[in-house]
Amino acid sequence: MLTIGILDLQGNVSEHFEITTKALKNFENDSRVIKVRNSAEASCCDGIIISGGESTVIGKLLEKTGINNIIINEKIPVFGTCAGMVLSASKTDYEQPLLNLIDMEVKRNAFGRQKESFEKEIDILGYKFNGIFIRAPAVDQVGEDVHILSRLEDKIIGVKQGNNIAISFHPELTEDTRLHEYFIKEVLKCVE
Ligand code: GLN
């Protein structure tokens, strides 16, 4: 049984739950989506999605619940969106707990005040995707093992290192399951 967990500490959890449920219908595996609120639930997961929200708050709760250690020690693949991207980073421009899953430096709220929220068609994985950016971060620098998936103007907005994926925007606020399916394929590589 393939289990995808949606971290449920703070943020856009129900939207990710719904789109992941929809994405999993395109796979033949016996699968389920669960909400992850503690380390025991995290331990059951083959992959975990970290939603948008407030990364400082989520980071502190990851430490308090011990879910951070489960993700790191059990090498559970993570798909981080927006605040989830911040938390996947090795470094940010703000002092906060991080998971250090992807060798990158992330700038929070990178798109400036007047453009705090916007939608823009972006290119990722060879197709167009409706990028919804809400006080979005961007990647300033990446290590040599990090693969860049997408850029918007001069900013890096999608990356992958090993089985971990991080993007600046919110696919869970669209009906488009392709990025969730891309993550599920990464998770399947680890379990098969
Ligand atoms: N700016 C927020 C943070 O750094 C992220 C915003 C979001 O997830 N929509 O935590």
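Heads up, the Cβ atoms here are built off N, Cα and C, so glycines get one too.
TrEMBL annotations: computationally assigned, not manually curated.
Per TrEMBL, the feature active site, nucleophile maps to Cys82. When Cβ atoms from all protein chains are considered, those within 10 Å of Cys82 (active site, nucleophile) total 28, not counting its own.
Neighbour list (His170 (active site, charge relay system), Cβ cut-off 8 Å, at least 6 residues apart, same chain): Asn12, Glu15, Gly52, Thr81, Cys82, Ile132, Phe133, Ile134. The active site, charge relay system annotation in TrEMBL covers His170 (among others).
Among the features that TrEMBL reports, active site, charge relay system is placed at Glu172 (among others). Taken residue by residue with DSSP, Glu172 (active site, charge relay system) is part of a helix.
Annotated L-glutamine binding site per TrEMBL: Gly53, Glu54, Ser55, Arg108, Ile134, Arg135, in sequence order.
Take Gly53, Glu54, Ser55, Arg108, Ile134, Arg135, the residues named in the record as contacts for L-glutamine: the widest Cα to Cα gap among them comes to 13 Å. DSSP gives Glu54 (L-glutamine binding site) a coil state; it is part of no helix or strand. Highlighted in sequence order, Gly52, Cys82, Ala83, Val86, Asn109, Pro137 have their Cβ within 8 Å of the centre of the Cβ atoms of Gly53, Glu54, Ser55, Arg108, Ile134, Arg135, the residues recorded for L-glutamine, and are not part of that set. Between the alpha carbons (Cα) of Glu54 (L-glutamine binding site) and Glu172 (active site, charge relay system) lies a span of roughly 16 Å.
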